[in-house]
Structures are given as C-alpha cells and as structure tokens.
Amino acid sequence: MNKQIRYEIFSRLREANPHPTTELVFDGPFQLLIAVLLSAQTTDVAVNKVTAVLFDLAPNPQAMLALGEEKVRDTIKTIGLYKTKAAHVIATCDAILNHFGGQVPQTREALETLPGVGRKTANVVLNTAFGQPTMAVDTHIFRVGNRTGIAKGKNVREVEDQLVKHIPKEFMVDAHHWLILHGRYTCKALKPQCATCLIEDLCDYKAKAL
Ligand code: SF4
C-alpha cells in the first residue's frame, strides 16, 4: 500500500470521528492503567462495570493498597482471570508507590516492570494517557492491518512495527483508536461490513463482502 492511500484512509477515519478515544471509563493515568490491566481477555463493557465500583472505593494507588487484594478480588470477580488480575493490581500499586513516587511512569521500560503490564498495556497507557505515538496491536488492529494492507505482518509485533513506521505523523496519536473502532464495528472478524465501509475502495482485502 502506498503513502497516499494510507493518508486517505486515515483522513477519512478522522473525518468520520475527529476525537476518538478508548471505550474504557477512567479518570487519569492510574485508573487507565488499572482498567487496561483488567481488560485482558475481557470486554470493555465488563471492565467498566467492575471499575465503576472499584474506582469509587479506591481511586488512587494508596487507596487501592489500603483496600487490599481480597476486596479487590471480590469487586472484580465477574471478569476473567480475576484472581491473577487482583494480585497484579495490588503489586502494581505497591510498585508505583515505592518505586515511582506514586505516579504512573511515562516510559515503556518503566511501565513494563509493573506486575501484569506487558508491551500492549504499556503502549495503550503511553498513547492514551500520555499522548505518545505508540501502537498497541490487539486482535482488531491485527485483523484490520492485514486485511486492508495498511500494515501486514505474521504477528502483532510485525504489525505494530509496520504501523509505527508507516502511519503519517499527524494521525499517529489517534490511529490506535480509529483502527480498534473500525475493527470492532465495521471490519468485524466474521462478517466485515464491506458494503458500508468508508474505506472500501482503498482496502486490499480480496474476500470483501459487497
Ligand atoms: S472493505 Fe471490508 S475488509 Fe476492507 S476495511 Fe472495510 S470492512 Fe474491512
């Protein structure tokens, strides 16, 4: 795919949704970090249900530590992997308070030292909380990148590297959200909505459902 086509794709996505954001509900970098940590293999809707209660009880790392692992576990028990996630939440709060002065760190290296925080979570926090031009590739972005030809790759890291390399700078901060939303609502895994897709004429996908 050439530069002009990529530019046109992101121009259209921007025109359709000038201010995209995550569907997770949070207030500030700490709550975003915890929400993303809880979202592994779970829908944003399910995460928002438990964080509505959790962040009321514990809006910051101090309060979360004071709440304790058992209570966190109890509060998030409707989501997958809740026991491991509760342990990670508490250990992450402990690390933030004891190693990072109570603030969520703003570098990938530091973020990835936090329990339960991998490359994808770090990329989301850097991008959404701190406006850095990173790209967290999830299942939706992986599919959209490969189908459209915006970024082809055999694994998420290859797609991430292609996206970071090829997305024009002016779109980079918001590209993550545009691609996720496009994958979630239009370029769906089983039934892509090609007939109504706003980038259909620019997309490489051979099996378009028109
Ligand atoms: S045309 Fe179809 S395959 Fe291509 S991006 Fe749109 S929905 Fe996805």
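Placement of Cβ uses the backbone N, Cα and C atoms for every residue, glycine included.
Caution: TrEMBL annotation is automatic and unverified by curators.
Small disclaimer: the values here were computed from a predicted structure and weren't measured.
Database features, via TrEMBL:
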type	residues	note
BINDING	CYS187, CYS194, CYS197, CYS203	[4Fe-4S] cluster binding site
DOMAIN	38-185	domain 'HhH-GPD'
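Note on the domain 'HhH-GPD' (38-185): mean pLDDT across this stretch is 95. Long-range neighbours of CYS203 ([4Fe-4S] cluster binding site) (same chain, six or more residues apart, CB within less than 8 Å of its CB): ARG147, THR148, GLY149, CYS194, CYS197.
In this structure, of the binding-site residues CYS187, CYS194, the smallest number of CB atoms within 10 A of the CB marks CYS194. Over all protein chains present, the Cβ of CYS197 ([4Fe-4S] cluster binding site) has 20 other Cβ atoms lying within 10 Å. DSSP assigns CYS187 ([4Fe-4S] cluster binding site) to coil, not to a helix or a strand.
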